[in-house]
């Protein structure tokens with residue numbers, strides 16, 4: 001009896017070894033076909049394996065890429081076709097839904113593949129439930145709850161093995177790219193999504209495969225019809241960058257929705273970063289109905305428009321003519337054009353023009369005034385535009401503006417670095433008078449920060465030739481009406 005059993009095991013092992021060979025022998029098979037051929041103990045003589053199913057040799061991964069796809073630069077989808085064997089349970093149709101619910105963590109999860117297939121014996125009373133070979137390799141792999149459920153539904157726990165054909169359509173993007181790119185190199189499938197556009201920042205070693213990468217990302221991401229790669233750094237004047245289309249259409253005009261607000265713009269000609277949605281929301285939530293927002297570098301309106309929707313009055317400015325045009329468009333799109341006054345000026349010109357004109361009246365009111373300066377590469381350098389901006393010395397209880405100024409920092413102490421540079425630009429020490437908020441990590445050892453402070457009246461009303469230079473030591477505490485400490 002033992003000899004028969006060993007012979008059966010060897011025969012099954014040889015059979016499944018042929019099944020798990022390279023996809024080269026299966027290229028002519030129909031894409032996404034599911035082969036209804038069963039390999040189980042039931043197909044062998046009873047004397048060969050009494051009482052249990054024969055367990056074949058399973059690959060450590062569900063999919064092993066054919067070696068010939070390595071280094072591919074032009075996508076050949078048929079080359080990824082491969083036949084594998086997966087464990088299966090024969091389940092009566094009457095309890096199928098209940099079994100599926102009980103085994104939801106153990107069934108196969110693969111794009112485009114069924115979890116339930118027709119019984120190979122063509123019996124209408126049974127179906128085969130396909131299992132994840134990573135989780136289930138024998139009947140002892142089932143949890144106690146799963147095993148109890150199978151017993152309660154009178155389902156035999158003996159595993160059968162079912163042949164599946166995996167094609168390109170059933171693979172995840174990281175599996176395809178991992179099979180194609182040279183071994184030992186980074187496999188990227190990450191991107192920023194901007195409406196129908198996937199925006200990638202490929203590294204040098206990935207560039208020979210850029211078109212293939214773009215096609216895979218587009219194939220595997222519903223709703224993406226265009227994949228682009230940034231070809232240079234962001235221009236610090238207009239905050240846009242050159243890009244090349246890797247796959248799909250060349251339509252760069254897109255629509256996005258962020259925090260309930262809809263924006264439309266030409267992604268190739270304006271700045272938009274979907275990773276800043278949380279920061280946009282954080283700042284807008286600090287703005288109350290009736291407040292005024294002075295947005296120095298407004299872009300297409302991610303601060304200005306939500307602030308206006310929440311009841312604030314907004315002056316929004318951007319130097320880029322395209323950003324200015326789409327800012328106006330988005331104000332109309334979100335029905336806040338009556339709450340937003342738009343400008344197409346340099347940031348310094350906006351501060352020394354419209355802001356200077358509006359501030360005296362705003363500071364006499366009770367509503368808060370917020371100055372947003374989101375140009376992290378340069379914004380700190382514009383703070384000196386506030387030096388001596390106004391000339392009439394205010395009373396003690398003047399309503400001074402709150403500034404939110406963004407900056408990148410590569411310093412080990414990011415907080416101290418941005419405060420020091422902001423103080424230098426203002427000509428006034430901000431230590432112990434501001435708060436610093438971490439926004440996001442941009443690159444290794446490079447973070448985006450937001451320094452928030454009340455604009456000191458010593459800066460706003462000073463004479464340009466009599467600036468208070470920032471000292472390394474904290475300045476002495478001033479009278480209560482002059483304190484600018486921000487504990488938020």
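Please read every residue number as a count from 1 along the shown chain.
Backbone N, Cα and C define each Cβ position, glycine as well.
TrEMBL annotations:
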- 280, 318, 319, 346, 347, 374: S-adenosyl-L-methionine binding site (BINDING)
- 474-488: compositional bias 'Basic and acidic residues' (COMPBIAS)
- 191-457: domain 'SAM-dependent methyltransferase TRM5/TYW2-type' (DOMAIN)
- 465-488: region 'Disordered' (REGION)
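Counting only residues at least six positions away in the same chain, the Cβ atoms of 258, 259, 302, 303, 306 sit under 8 Å from the Cβ of residue 280 (S-adenosyl-L-methionine binding site). A sphere of 10 angstroms centred on the C-beta of residue 374 (S-adenosyl-L-methionine binding site) encloses 25 other C-beta atoms. Neighbour density for residue 318 (S-adenosyl-L-methionine binding site): within 10 A of its CB lie 31 other CB atoms from the protein chains shown. A mean pLDDT of 93 is what the model gives for the domain 'SAM-dependent methyltransferase TRM5/TYW2-type' (191-457).
Taking Cβ-Cβ distances under 8 Å and a sequence gap of 6 or more within the same chain, the neighbours of residue 347 (S-adenosyl-L-methionine binding site) are 296, 297, 317, 319, 373, 375, 379, 382, 385. Contacts of residue 346 (S-adenosyl-L-methionine binding site) defined by a Cβ separation under 8 A and a same-chain sequence distance of 6+ are given as 319, in order along the sequence.
Site extent for S-adenosyl-L-methionine: among the recorded binding residues 280, 318, 319, 346, 347, 374, the largest C-alpha separation is 22 Å.
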